[in-house]
2 protein chains.
Amino acid sequence: MTVQLNETHDINLRSWVASANNAETDFPIQNLPYGMFRRQGSNQTFRIGVAIGDQILDLAAAHAVHAFAGYTELQGGHFTAAVNGQNLNGMMGLGAPVWSALRLALSRVLREGSSQQGTLQACLLAQSAAEFALPAQIGDYTDFYTSVHHATAVGKLFRPDNPLLPNYKWIPIGYHGRASSIGVSGQQFRRPIAQTKPPTSETPVFGPAKRMDYELEVGIFIGQGNALGDVINMERAESHVFGLCLLNDWSARDVQAWEYQPLGPFLAKNFASTISPWVVTLEALAPYRLGWTRDAADPQPLPYLDSADLRDSAAFDIELEVLLQTEKMRTDGTPPQRLSLSNFRHSYWTVSQLVTHHTVNGCNLNPGDLLGSGTQSGPAPEEAGSLLELTEGGKKSIALSNGEQRVFMEDGDAIIMRGWAQKEGVARVGFGEVVGTLLPARS
Amino acid sequence: MTVQLNETHDINLRSWVASANNAETDFPIQNLPYGMFRRQGSNQTFRIGVAIGDQILDLAAAHAVHAFAGYTELQGGHFTAAVNGQNLNGMMGLGAPVWSALRLALSRVLREGSSQQGTLQACLLAQSAAEFALPAQIGDYTDFYTSVHHATAVGKLFRPDNPLLPNYKWIPIGYHGRASSIGVSGQQFRRPIAQTKPPTSETPVFGPAKRMDYELEVGIFIGQGNALGDVINMERAESHVFGLCLLNDWSARDVQAWEYQPLGPFLAKNFASTISPWVVTLEALAPYRLGWTRDAADPQPLPYLDSADLRDSAAFDIELEVLLQTEKMRTDGTPPQRLSLSNFRHSYWTVSQLVTHHTVNGCNLNPGDLLGSGTQSGPAPEEAGSLLELTEGGKKSIALSNGEQRVFMEDGDAIIMRGWAQKEGVARVGFGEVVGTLLPARS
C-alpha cells in the first residue's frame, strides 16, 4: 500500500466542534477514530461513535439524518446495517474503500462551514457523559512479540544463556491469546490466584500471583478477513487492517515462569487484557508513516515478508506512554507518574508482516479479530514496556514521587497508557488512553 | 459430581426408531448426542438435532409439536429460544438441570410404546440425507496436553535431554488455540505453506510443510460459563461441561519445531482443526466413568485440583481409534487402515481438573468454548495418537496393507477418528466419526 495524504489530512482544517480545534486534543478533525458508546448509566445498546474533540458523533444518528447522502459508497442496506451495528464488526467487514469514503464524508460534514452543522449538533454526546464498550466482538486474539528489545530483555531473565532465540529475526513470533477476558478501558480485575514455583520451594505453591505486571502494546483490529486456505500477501495486508488501538496485556510473571514451557503462556495472561475504546484508522495515521529497515547484521526478511513499500512506509511513529496511579496517589492527589515512554517505531516487525505471516499458512482472519504487537519496549532502559524490564526482573525497585516504591504492581494500582502521533506541520493524532486497575485477589 | 445412573441408562430400553436398537449403532436411545444439521444441499439454516440410530430428531420441530409438554424445565421463552438456536450455544447456557430434563424427555418420547411416535416420526431426517455444521459458535479454543505418554514421546523428539518438563505433573499444561479455523467433520484443507528450518539448512526456507500430522483428541464443550474473576471449583466443574466430541488437531511438525519457542505453537496448528458433528453429554457417559489415580511416584494434585469424587469417577473409558484412508485406497477400494487405538482413560489430567485449572485465575469461560484434551496417546506404542510418535519422529515408515507407505501425511490422505464406549451389560455409546482430508498446498 502506498501511503497517500488527501484533504482529510490538511492541518488547516477546523471543525465546528470547537474542542476539536484545540492543539492538544487527541481527536482533531484529522483523526476521526471509531468506538462503541452509550450515555453513562443508561441501559441502551451501545452505538458506533466517532470521537471529535471532547464530543462523540453518533454515526447511526448522523446517517439517519442523511449526513452522508452524497456518497455512493455510503448507501444501501449493507452500509446502513453496519452503521447501526452493536459493534464495529460490520463496519470492519465493509473494506477499505468504504472506510475511506466515510472518513472523507465525516471530515467534510464536521468542518467549519458545513451545511450539516445544524442537523448534526443533535447527534453529539460529550465524551465525559459517555461509557464505552469493546469496539468489536473479538473472535480470535493473537499476540505477537515484535520488540526485539523486549524479547532480548525478557529472554535474559527467563533464559540467561539464550536470551534471543535463533528464530526471532526470521519469524514474527506470535501465539494465540484469550479473547473472552479482553475488556475496554476502565476494566478492573482481581489479582489472579494460581500455581507458581518460588525458587526457594521444592514444590509449587498455590496463591495470589506476586509479580503482577502490565505490557504496553498496540492492538491491531482486522477489517476484512480471508477465507480459510487463502493468504493475505504483503501488498494487500494493510487494506485488511481497520485500525489501531492501545492494548495492555496484563501478565503475572511468577505464573508465567512456572507454566510457560513448552506450550507458551496461559493463566499468566488470560485473566484480563484491556484496550482503549477508540480505534484509530490507518488512514488517520498516514502522515506518521516511517520507513523500515533492518540492521546490516540482521537477516533480510524472507520474500513472503517483504514488499517494495516496506522500505519507505511500513512503520508507525506513535509515542506510547505508561503511567502508574497508586491508590495512595488517588487519595493524596499526586498525579499519575510516568513509568516509561516508548514508540511503536521500534517494532522489529511491521503490521503488514504480522498480517501476512498470520495468514501465510491459510489461517483465516475475521473482521474484529485483534492482533497484539507485543510489548513495545524501545532500545533505552526508560523505554521498557513492562515492570519486569524496568525492575530488571524484580531486582530493582522504582521510587515514586510521593515516597512509595514499586517492584511489581500492588492492589489498587491503576496503569494508564496513552498513545499519540505528533510532529511539526501535521495535526496531532491521539489514541486517548486505556486504564485498568488491579483489585485484591478473590478471598 | 457424583455419577448416578437413572432410567435413561437402562440397557433394556428400546426405541421405536428401529436402527437405534442395533447393538452396533453409536446412537442407541441411551446416547442421545446433539449436533447441528440440515438437509444435504439445502440452504436452510442449521437446526439442532439429536442422533437416534441412523436418524436425526429435529429438536425444534419436536418442541413445536409439544413433545416435551410434561416437563416444567422445558417450557418458557428461554428454552424455546435455545431449542430454535442456530447453534447449541443457547442450549449449552441453560445448565445441567435442563440438559438432564431434556435427556429424560427425549428418552421417554423415543421409547418403544411412546404415544408421541406418530407425531415425532415427521420430525426425523436420515443421517445419510443430512449435512452438519459446527455444534457451537466457538468463542475461545484452548488445547491441553493431558497425555503424559504423548508429552514424554514428543518431548524426547523436541528436547532429547529434557523430555518431560518439571511442571508437567503439577500443572495441566494448556495453551490457547485458534477458533476461526475449526471445522466440522468433512473439512478439507490445504497443506499449509510456511517457514521451516531444515536441519541441513543454515537459514530457514519457505514452502509447503513436509511433516503433516494429526492429533487424536477429545473435545470438551463448555456449557454454562463463569464470570470474569470467578473460579469453577472441582466440585462444580462437570456441571459446566455440556459434553464431549472427537477432535483432530492437525499439526505441521516442521513448522512447529522452528516456530514454537518461546511462546508455543502458532502456524503449526492454526490452519485447521476438525471436530465430530455430535456432542455426547456427560450424562450419557455416566456408565463409563472410571476412578482416577496417581502413581505412587507421582505428586498428588494440589488441593485446588483435588476433590473427593476424583478417586472413583473422574476418568472416562472411551476407546479412540485413528484410521488412514489414502487417495489410492479410495481408488482401489482398500478399506481405511487403523493406525492406532487408544483410550481417554490414559489422560493424566481429568476433565474437571482442566475446567478448574482454566478458571482458577479468574479466566472466564463461555457456553460453546472448546477445550481440547491434547493428543491421547496411551502407554503402548500402538496407542500413539500422532504420526510423530508412531514413526518415532519421522524415522520409521508405516507399511499400509495396499503396499503404500507413510511417514507423514501425503496430499489426498484422509484421517478418520472414531470414539466409543462399550462394556458388558451397558448400552454402547458412540461418538460417530470425524473425517478430515489434506489437500495439496495452494499453488
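Placed from the backbone N, Cα and C atoms, the Cβ positions cover glycine too.
With B:Lys269, B:Ser273 listed by TrEMBL as binding Mg(2+), the candidate from B:Asp249, B:Asp295 annotated for that site turns out to be B:Asp249.
When B:Asp143, B:Asp312, B:Asp317 are compared with the Ca(2+) site residues B:Glu215, B:Glu217, B:Asp249 in TrEMBL, the one appearing in that site is B:Asp143.
The two recorded residues, B:Tyr145 (substrate binding site) and B:Glu215 (Ca(2+) binding site), show a Cα separation of 11 Å. Neighbours of the Ca(2+) site: apart from B:Asp143, B:Glu215, B:Glu217, B:Asp249, residues of the same chain with C-beta atoms within 8 angstroms of the site's C-beta centroid are B:Gly177, B:Leu216, B:Leu247, B:Asn248, B:Ser251, B:Lys269, B:Ser273, B:Gly372, B:Ser373, B:Gly374, B:Thr375. Checking the binding-site residues B:Tyr145, B:Glu215, B:Gln256, B:Tyr260 against chain A with a Cβ-Cβ cut-off under 8 Å leaves B:Tyr145, B:Tyr260, in sequence order. Under DSSP, the residues of the domain 'Fumarylacetoacetase N-terminal' (B:30-135) split into helix, strand and coil as follows: 47 helix, 24 strand, 35 coil. A 10 Å cutoff on Cβ-Cβ distances gives B:Arg159 (substrate binding site) a total of 14 other Cβ atoms nearby, all chains included. For B:Asp249 (Ca(2+) binding site), the nearest neighbour among the listed recorded positions (B:His150, B:Lys269, B:Ser273, B:Thr375), judged by C-alpha distance, is B:Ser273. For B:Lys269 (Mg(2+) binding site), the same-chain residues 6+ apart in sequence whose C-beta sits under 8 angstroms from its C-beta are B:Asp143, B:Gly177, B:Arg178, B:Asp249, B:Trp250, B:Ser251, B:Ala252, B:Gln256. Spatially close to B:Thr375 (substrate binding site) yet at least six residues away along the chain are B:Tyr145, B:Ser147, B:His150, B:Val154, B:Glu215, B:Leu216, B:Glu217, B:Asp249, B:Gly385, B:Ser386, B:Glu389, judged by Cβ distances under 8 angstroms. Under the DSSP three-state reduction, B:Tyr145 (substrate binding site) is assigned to coil, being neither helix nor strand. Note: the CA-CA distance between B:Arg159 (substrate binding site) and B:Ser273 (Mg(2+) binding site) rounds to 25 Å.
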